[in-house]
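Straight from TrEMBL, the features:
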type	residues	note
TRANSMEM	21-45	transmembrane segment
TRANSMEM	65-91	transmembrane segment
TRANSMEM	103-124	transmembrane segment
TRANSMEM	136-154	transmembrane segment
TRANSMEM	166-188	transmembrane segment
TRANSMEM	194-216	transmembrane segment
REGION	280-356	region 'Disordered'
COMPBIAS	322-337	compositional bias 'Basic and acidic residues'
DOMAIN	356-395	domain 'UBA'
């Protein structure tokens, strides 16, 4: 009788599994930045004067291409390695929710916004009447870290967590996390661009406040991009995530999407967003065992099946919060008023149950089931989402 032999996977297998778990766009950014760095290393190119973000060159010679080339080039192996390792968890989580095309659009939007704010601050500091800081106009900045700081702000606000760990050494309040990282990096590495990182933080806050909502296209734009023949080869990739598999709203998910119109520049909306920025915990009826096989109508990665329970719970909470906010966005854009505050004051317990039920319905609808069938299945399962999924799947069979 043969004994059971348990063998551990080798390093190449582990690396392959890790790589397969990274969505399409995030892994593409890693490949592009890594390839560019290797080519620069082989040809001996290390000045970066022609490709870095140089405000003086952009304004005097209108070299707009620097906005994008400065993001993809890195100055050292540690620089590109650290940035890409930081991108993996941030980009993967947001891409699984938004979809690959939306994540691409968000990255381009953040890059342009960071560059615009960077130019504005550099010009103001260089031409202010008190003291001229011309060094900001001649600062040559490269690297993906500016966009990473924006993604940190967005992910922290969307997740609603209360605290964050700084390099595993100590925990800090979530709203302080990005500012502590800004100071720590500046103290440890004096050659980093403080203004570039600061502009990334400002852009992240502008996004979650809703100030960039007027730049966000509708669902038809992403559907047209996914059905385009130019992207057909990318869409067929196993790691590509369709936008319909993430947030089904007409906008990218924003933290401040509640009770706001499509324009984030009006004074009442800005004030409401500023006053409601602090992350809040929401009461969500969460199933004990979530079926990860049906996260949406689009294709998703199968590598999430072996995640630990805390990671799965965090992703479920994040998706539920995004679906709730996207539903509120659509209602406000149609001109219908939201009376949830009145209902909360009248019957708080019934409202909590209604919110949880709506979240379950939205989640099952996002899996591709009809809303009427979902409501019937949830009623038959007494609100148990797992039993409801089994009923819906049996009806499909």
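Every residue gets a Cβ built from N, Cα and C, even glycine.
The average pLDDT computed over the domain 'UBA' (356-395) stands at 77. Against the transmembrane segment (194-216), stretch 136-154 has more CB pairs under 8 A than any other of 21-45, 65-91, 103-124, 136-154, 166-188.
When Cβ distances are compared across the two stretches, the transmembrane segment (103-124) makes no contact with the transmembrane segment (166-188), since fewer than 3 pairs at least 6 residues apart fall below 8 angstroms. Stretch with the largest number of CB pairs closer than 8 A to the transmembrane segment (136-154), among 21-45, 65-91, 166-188: 65-91. Residues 22-23, 25-26, 29-30, 32-34, 36-37, 40, 46, 48, 51-54, 57-58, 103, 111-112, 115, 141-148, 151-152, 155 of the same chain lie 6 or more positions beyond the ends of the transmembrane segment (65-91) yet place their CB under 8 Å from a CB of it.
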